[in-house]
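Straight from TrEMBL, the features:
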TRANSMEM  B:25-46  transmembrane segment
TRANSMEM  B:58-79  transmembrane segment
TRANSMEM  B:100-128  transmembrane segment
TRANSMEM  B:148-169  transmembrane segment
TRANSMEM  B:174-191  transmembrane segment
TRANSMEM  B:232-251  transmembrane segment
Amino acid sequence: MIEIKNLSFGYSRKSLLFRNLNLTLQEGHIYGLLGKNGAGKSTLLKNMVGLVSPLEGSCQVNGLDSRKRLPAMLGDLYFIPEEIYMPSLTARQFVASTAPFYPFFDEEAFYRYLSEFEVPVHAVFSKMSFGQQKKAIIAFGLATNTSVLIMDEPTNGLDIPSKVQFRRIIASALTETRCIIISTHQVRDLDSLIDTLVVVVHDREIVLNESLDAIGERLTFTTIPESEAHSALYTEDALRGKQAILPNLMGNYSKVDMELLFNAITSGNTSVTEILQRPHYEQSL
Amino acid sequence: MNNHFNLSRFALLFRKHTVEHYKTYLMSLGVLLGAMFLIMGTASYMAVSPMQATEQSIFFLFFLMGAGMVFSSTVFAQLGDKKKAIAFLTLPASQFEKYLVGWLYSFPIYLLLFIPSFYLIVYILLIIDPRVGPEHEVMNILTSEPPMHILLTFYALFNALMLVGSAYFNKHHFIKTAFAGFLGILLLYNLNKQVVQAMLGRDLSSVSPFSAAYFMEGDKRFDVGAYEGNEALMLLLLVVLALVSWIVAYFKIKEKQV
């Protein structure tokens, strides 16, 4: 679906943002691309879409080189940037002018998503609030039925009820042939939505590309008394004791606390990533 | 489906561009009509006699080039706005088709709209001018000076340069392209002068590119040039320059990064 091989990118060769990056994203998954501000999430997404060209290496979407921006590639990919441009058209006018470029566009689904998001059909996009515009373009992106849907900080500008709607609609739109990539720095917005975590850190490396199931099998997320904090891989103060990440020695599935895991990784704690990157058989020793 | 050009996809793109821009284009046409009416009307009112065909052709040249250059500089200006550029570049059409829509609007469609608009204003001004008799002459663009093919060649060159500027610069496209153009002319003139002076081995009064060198010997002025009879070659040079600039504009769009 998306295959990045030995990708090096920078706005100048002297200061590279990514060096020899490798990443494979498969259909049937909702990926959460996490990273702090400035970690390079948007730049990575732009490489995937072909809005910037890698200095070395390649990025392929469904086998096509993304930098060429061929219609065959763009017709099966929809990108929603963090800041969007909406023309002075109503939803129906926008469908008439733009939907024909997407061969699998589902008009009925588009109006259904708009209704679920409570976006008025007859309003002119450019006159809507930013949050309404964002919901309208998310609805359109979902209705294109492209095999790849990439969203950069889609929950920015959405109110709390809209974020709940967003999670529900995205979860319902995932199919076995679709790959959805959502970048955010607000980890809680993706709670109970994504199935695979991709974490980019400040030195522009991908330190994690793992399914939540696999993470939950290797790590335990729990609250422990302060006296047991020394046995934890990572802890944070909580109201009662400490929120902690421990090695999952018993193999019982533990629900992943994404925010805690994200904080552990971005704080430079290597013991967590070491366990996750270790081959599976070592864990049982 | 062809990844470089597909007629039905191009038609969709043309329709989308028209739907999204027709209000702005109609307003721009209204502004042009108003500006032509005011400027030509004032000039005609202040003049001692009604506007003659020669004056009309001067206004024609001035408005054709001026308005055309301003309009051409806006065609790909959206690429300077990150939000619009992303929407433009990620739309599933080839970069050639996107370029072609902009070119069509700024060259043939602009000319098709400008010429009747100009005549409309000229006829209105002549009708409302009480000094104009029934036999008053109206310019004929096919026979007036400068000839139409020269006008079109120059318009093509200016259009191509403005398209390059509108794809290259992120802001103030017209001003920056015009400034770059003047800078380029200044540079070309001086470099050309240095080269010709070195070739002839003497100081020269002036040397225009692709033209003649002038120098003074005592009180006598001498022209050294091979341009007489070579007008067609000069015109061809301008056409080639316009074609190269159009190609450059296309590649600026194709390689654009946001």
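Here the Cβ of each residue, glycine as well, is placed from N, Cα and C on the backbone.
Between the transmembrane segment (B:232-251) and the stretches B:58-79, B:100-128, B:148-169, B:174-191, the greatest number of Cβ pairs separated by less than 8 Å involves B:148-169. Contact count against the transmembrane segment (B:58-79) (Cβ pairs under 8 Å) is highest for B:148-169, out of B:25-46, B:100-128, B:148-169, B:174-191.
When Cβ-Cβ distances under 8 Å to the transmembrane segment (B:100-128) are tallied for each of B:25-46, B:148-169, B:174-191, the top count falls to B:25-46.
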